[in-house]
Amino acid sequence: MSIAAKDIEPGDIPGNLTGGEFSPYHVFSAEEWSRFRADTPLTLTGEEVKRLRSLNDPVDLGEVRRIYLSLSRLLSAHVEASQILFQQRKRFLSMSDETKTPFVIGIAGSVAVGKSTTARILAELLARWPSSPKVDLITTDGFLYPNAILQRDNMMDRKGFPESYDIGALLRFLSAIKAGRPNVKAPTYSHLTYDVIPDQFQLIDRPDILIFEGINVLQSRDLPADGKIVPMVSDFFDFSIYIDAEESLIHNWYVSRFMRLRETAFQNPQSFFHRYSTISEDAARAIAEGLWHNINLKNLHQNIQPTRPRADLILQKGPSHLTQTVALRKL
């Protein structure tokens with residue numbers, strides 16, 4: 001059964017991308033999108049999905065069937081096309097010893113919108129393709145400046161904003177990945193201590209696919225006045241995904257997650273946020289609201305949401321945290 005995509009219209013995606021005949025996207029309902037799965041097999045179990053999803057994220061096996069199997073099939077087509085192009089370019093350049101570099105998938109979106117769940121589920125699905133590709137997953141958290149530096153520069157309340165990341169290190173990492181270098185080091189981050197872990201790295205050794213997840217990975221920057229060439233993080237992506245939802249929903253998810261963490265991870269005395277587990281529920285909720293409005297909402301408006309139109313694919317979630325529409329950029 002063929003499915004006719006509709007052009008994106010005002011209101012289909014929050015923030016309104018270009019509508020009508022000049023739209024750069026096709027938009028599908030979740031049910032329409034699910035039919036693109038075709039014969040893609042379901043290779044995850046319900047228990048595995050529970051293990052992969054983040055706290056307070058209700059994504060289940062049904063959502064994997066509806067959304068992720070079709071997305072897996074689409075990404076398989078893109079990876080296959082990149083491999084064909086690579087072989088053609090090798091012949092064109094007469095470079096028989098050239099090695100294919102990783103296919104890099106960027107995943108962006110607000111805090112609490114479900115980026116990590118999407119990244120982990122995709123990583124598992126892609127690794128279980130018949131070709132058994134090697135898939136690695138990296139988050140941008142490890143590229144944040146250590147808390148000591150953020151505190152020194154009075155930037156702790158700007159954590160997660162573009163200036164709180166070591167962009168130089170991040171770009172060097174991606175450059176090495178795309179150069180095909182082996183054993184590239186990525187710094188690691190502890191959500192328990194809310195800080196980069198000193199001298200601890202994740203080694204990325206020439207995977208077939210690298211998933212790179214973070215709130216600002218589609219961020220662009222002003223061109224430098226001196227005219228120097230400055231690459232953007234997204235310049236290294238072969239495919240990009242933006243996880244979207246109405247602002248009010250993300251707000252509710254963020255506060256709800258904070259309150260759940262107060263009852264779980266924050267109980268650990270080593271947690272950076274342990275102090276929030278000892279105050280009243282009303283006081284904790286007020287703090288969560290303050291963090292949302294004073295930090296995360298500002299970051300969403302100023303830096304994250306404006307990058308949405310740069311994505312190849314936009315997953316728009318509804319109140320249940322499940323995807324309602326899928327926008328796919330036209331070729």
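Each residue's number is its place along the chain shown, starting with 1.
Cβ coordinates are placed from backbone N, Cα and C, and glycine is handled just like the others.
Classification of Gly109 (ATP binding site) by DSSP places it within a strand. Long-range C-beta contacts of Gly109 (ATP binding site), restricted to its own chain and to partners at least six residues apart, with a cutoff below 8 Å, comprise Lys115, Ile215, Tyr242, Ile243, Asp244, Ile304. Per Swiss-Prot, ATP binding site is recorded for Gly109, Ser110, Val111, Ala112, Val113, Gly114, Lys115, Ser116.
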In the three-state scheme derived from DSSP, which category covers Gly114 (ATP binding site)?
coil
Relative to the Cβ position of Gly114 (ATP binding site), how many further Cβ atoms are located within 10 Å?
26
